[in-house]
Protein chains: 2
Amino acid sequence: MKIIDGGITSPKGFKAAGNYIGIKKKRKDLAIVYSEFPAKAAATFTTNVVKAAPVLWNQQIINEKGNIQAIVVNSGNANACTGEQGMIDAQQMAQTMADCLGLKKEEVLVASTGVIGVPLPMNVICPGIEKTALKLSVSREAAKEAAQAIMTTDTFSKEIAVTFELDGKMITIGGMAKGSGMIHPNMATMLSFITTDINISRELLDKALKESIVDSYNMISVDGDTSTNDMVVALANGAAENVLIDTENEDYEQFKTAFHFVNTYLAQQIVRDGEGAGKFIEVNVKGAKSKCDARTLAKSIITSNLVKTAFFGEDANWGRILCAMGYSGVTFDTSKVTIQFASQSGNITVMKNGTPLMFDEDYAYQILHEKDIKVIALLEEGSEEATAWGCDLSYEYVRINGEYRT
Amino acid sequence: MKIIDGGITSPKGFKAAGNYIGIKKKRKDLAIVYSEFPAKAAATFTTNVVKAAPVLWNQQIINEKGNIQAIVVNSGNANACTGEQGMIDAQQMAQTMADCLGLKKEEVLVASTGVIGVPLPMNVICPGIEKTALKLSVSREAAKEAAQAIMTTDTFSKEIAVTFELDGKMITIGGMAKGSGMIHPNMATMLSFITTDINISRELLDKALKESIVDSYNMISVDGDTSTNDMVVALANGAAENVLIDTENEDYEQFKTAFHFVNTYLAQQIVRDGEGAGKFIEVNVKGAKSKCDARTLAKSIITSNLVKTAFFGEDANWGRILCAMGYSGVTFDTSKVTIQFASQSGNITVMKNGTPLMFDEDYAYQILHEKDIKVIALLEEGSEEATAWGCDLSYEYVRINGEYRT
């Protein structure tokens, strides 16, 4: 597998466009992803009971299991908590997009991110979609512009592309994502779109996605709040012309590895761009009884406000880490826990077999002073492990989310 | 029921003392609660898998269902993550206290709060207990000093006493508590001690406590982290000489009401003194399908970092509230949700039947500018309700918990 300079237009048969159409004040606010060939689609959506209209629309057409050829995404308005009008508008977005591309509206997915509770400005969006459709291109630049157009208060766009060979054919996977963005009245929203030219059955694309998200997007935490608009969508159009993957063979495993790499990369980028994030924290839990236990423990550590503020303060606070493990709901023998911190400045064991060790606080500070920190928590319950990613909790987080009235 | 100026020494037969013995640098650090008569005891402890030594000691003797006559509490050191030595030390504290008062060590509960991972300074604590025992008194001042001695970085001590009449006898309930306090390496710890002279069976005291905590201490949140040392203990010594309450009769109901009032008051005081708290937020969820749903929804709102920072910013952000309800795990019809904000400056409905209302932002700001804020979330699922209390998430919270290295 090779990482290449690319994005969602890197796989064969995919075009994209990103444009400013006037929903936001200045920045790009409309993105289109288009597959020249009918694509298999897999998607996962927010678990929040409160679901935005585009999420409801997409769930409906994904359930119908038809092919998908386009995704239209606007930023600046989430089309959430907008009642029946919201559903009509989401469908209208799909219809307008479909008309431009000669598709049925059931072949078009819709995503929105931004302000909630405000109806979409359809008088701006419909002509905006038509205008943007004319810009669709396979170019590297088009992928970049699309990745920029889905941003809200993200500070950088998030893209990746990888290639690998399968029975003599070059397979490419591209992806773009956005993370936490705040607009009033606001919430963080995660969107991720993956394109690939691999020839794979819908069922296996779906399986690969479901298996990948639990250890990628579901293992990141910026502030523990789950948005109404979250979604991850993968489109596979088969343009690479490899032998159809419809069993869990070696080809499938190879695809899964590359696909999971792309998802993990984008998930990590979202955390790196977390609101007010000054540090990137990786939590690795090892020796757990089950995979589920390992994930729960890692997530509990990375979600704890006390752990997050300790990292902001560059404090080797093993107590808060052990405490967060303790209230996670997982049972374990606390007298067998070892906790280590690591970064490019070195590594240090601060607790061994449940007992705190004396350690050089200045050396610990040096390690934690770095931007990328690793926490390793070792149990002796079994052999399962999991990794979660998060960021520190800073003044800047409170400022971004608290100082609305400036 | 009448609130009186008092604390844990207000009920008949209870003495207390608070003293500086040298665990902390300056402030009082040892408290004793003593009942002249054998008292029934009920207690609840942290659900954290990681439990401090005094919690383990107390659980053991509470399970034996014997009478209790004293509680000895030190602040400045939590005796948590201290291995076997910690258990030996906790028992030694109980033994020393028992020797001073002519009791068995199984009649003495122990609590500790403060630094974790550091062995107790027993050379200071044992003579300190003996010295402090000499100060035991029924005076109002003694209760005050005890309440001060259990503080860590609490900014004020938390006490209350109430009286009511039962078949011609005056019943008194007193209480003291401490909330979030931070020492390195640190975590928030909640301790609450209730004394009463009521004559009640251990079983019903236990039942009243278990029923009370779910709607008092368990409905508050400062930062969502559950400590290793949390405990609530109630002692009833029967000195009021009322007819023994051993069935759930009217007397029991009257006691329960007063007892729950005391617990709710102390729980609220803990939130008011939450780390960095600038605002006291009450969240009232009404019209839920079940009591459990109502509690879960209220807790989910008050625990959300995005909701907490919105209150810090005095922003009428119904979106974050609806979002937090949505990911709570409770299912409900979002198109029937009404959200209101209230304070002494007025009240405002910001969402009705799932649809955001136009509202005067300046008026909303006036309401949210107050220190005490109420959020009311109305569902149309049933008739159950619950209330949770919390505080905003401020720069000060990040400072207290993040700026260890100053």
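Keep in mind that glycine also has a Cβ here, set from the backbone N, Cα and C atoms.
These features come from TrEMBL:
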{"type": "BINDING", "residues": "A:Thr152, A:Lys178, A:Thr189, A:Glu275, A:Asn401, A:Thr406", "note": "substrate binding site"}
{"type": "ACT_SITE", "residues": "A:Thr189", "note": "active site, nucleophile"}
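Overlay of TrEMBL annotations on the structure.
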residue: A:Thr152; record: substrate binding site; DSSP (3 states): coil
residue: A:Lys178; record: substrate binding site; DSSP (3 states): strand
residue: A:Thr189; record: substrate binding site; DSSP (3 states): coil
residue: A:Glu275; record: substrate binding site; DSSP (3 states): coil
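Look at the Cβ of each of the binding-site residues A:Thr152, A:Thr189 and count the other Cβ atoms within 10 Å; the largest number goes with A:Thr189.
The number of other Cβ atoms within 10 Å of the Cβ belonging to A:Glu275 (substrate binding site), over all protein chains shown, comes to 25.
The Cβ neighbour count for A:Lys178 (substrate binding site), using a 10 Å radius and every protein chain shown, is 30.
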